[in-house]
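> I'd like to ask some things about the structure below.
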C-alpha cells in the first residue's frame, strides 16, 4: 500500500507524545491562522478558478468562518483540555474521578469540493486541538484549491505529524485500506457508505457529514418579500452547491402564486436582469455535475430562469413550480441553483411529506406565527433546524453541526469538533489506604455486607423533572 509508510511515520510521531502538549497544539493552530492570512488571495483565486465563486462568498465561507473556528478554539483550548471532574458515590468520596480528553491518534479527514477550504480546515482545527496526527485528503474535483493546499499547507504545519494526500477515487480507496484511529468524511451518502465499510474493517469510528434534500416549509402567514430574499440567498449562494441549502419549498397553491413574483424580484435584486453577467453568481464545478443538474429542469414547469450554458457551466437561478413528488428533481439532492416548489394543502400535510422521506441535514420553516415554527420543529427530525432564515445556523460555533440517519453521523463546530476528535476516557484514581472501606465488597458475602453495599452505592431518585 503506497500510504502505509506515511501512516506509520505519523503513528510513530503520535506515539512519541509530540502532539500532546498544549503549547504544541497552539503553535500548529496559530500556523493555520497564518496560512489563512497569508494565502487569502490565493484561496480567493483558486475557488474562483474552480467554480467561479464570488470573492465575497469565498471570503465569508472559506476564510472568515475558518478564522472564527480557529479563534474560538484558541480562546478555549486550555479549558477544553482540562480533566472534567465528575460526581462520586459514598465509597469514592476520597478518590479522584474524572474524564480525560485523550487524542485518538492518527486520523483521516476527507474533504469535499463545494467548500474546499472550510470543510477541510474546520475539522482539521479540532483534530489538531485534540492532539491528533492528521492525514488530510482535499477533493480532486476542486483541483486548483487542491493544488494550493497540497503545495502550501506543508510550509505551515509540522510534516512529521500532518500530511496532505492528493488524488481521486483510486488513491482514496488505497488510503482507506490503512488503519486509522478516526475518519472524518464530508460528501454524499453513497460514498459515505463506502467510507464506513472501509472503516468497519478496522473498527475505526467515523463522523459522516452527508447531504440530503432539505425541506423548507412556508406557511400562509409570513412576510413574503423577506421569505423570498432569505430563501433565494440560501438556495443560490455558491450557485446552489451547499449541503444545507433549502432543496425544495413546501407551501399552499395560494402561497406559491404569491411567492413567485417576490422570488423573481429577489433574484433580480441580487444578480441583475441577467445573472450570467453578475460577478456575484458562481458556476457549476464540473461538466458531469452540470449535466446532472440540467437534466432536473424537466421537473414541473420553469417559472423563473431555466437558462443554461454548458461551455461556461452556467445554470441560471431557477424556480420550478407545480413540481410533483415523482419528478426527477425530487429524487435526489439537487446541489445546484434550482428551487422546486411542491404544493401541499396545509402544515400537517407538509409535516407528513417531510416525515415520509429520509431525515435531512437541515430543515427550514417560515412563519410569522411562532406556534407554526415550533410545531414543525417538534413533529419532525433533522440534523439541524432554522426558523425564518436559511444557512445562518451554520455560522454559530456554539451549535453542533451534523446529520442524522441518511444525512450523516456525528457532529462538529467549536467545542463539538474538539470533542469529536477526543476520546473521553473515564478515570478513577483511588487511595491506596483505607482498605476497611472496601471489605463489604469482598467474599465471603453476607446479608450484612449486602446492606452496607446497598447503602453506599445506591442512587436514589429525587423526583420528577419538568420541562419548561
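Cβ from N, Cα, C; glycine included.
TrEMBL labels come from automatic prediction, so no person has curated them.
Reproduced below are the annotations present in TrEMBL:
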ACT_SITE  209  active site
ACT_SITE  243  active site
DOMAIN    19-422  domain 'Aldehyde dehydrogenase'
> Take the domain 'Aldehyde dehydrogenase' (19-422) and average the pLDDT across it for me.
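Averaged over the domain 'Aldehyde dehydrogenase' (19-422), per-residue pLDDT gives 97.
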> Return the count of C-beta atoms lying within 10 angstroms of the C-beta of residue 209 (active site), excluding that atom itself.
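Result for residue 209 (active site): 26 other Cβ atoms within 10 Å.
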> Return the count of C-beta atoms lying within 10 angstroms of the C-beta of residue 243 (active site), excluding that atom itself.
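Taking all protein chains shown, residue 243 (active site) has 27 Cβ neighbours within 10 Å.
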> Rounded to an integer, what is the Cα-Cα distance in Å between residue 243 (active site) and residue 209 (active site)?
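About 9 Å separates the two Cα atoms.
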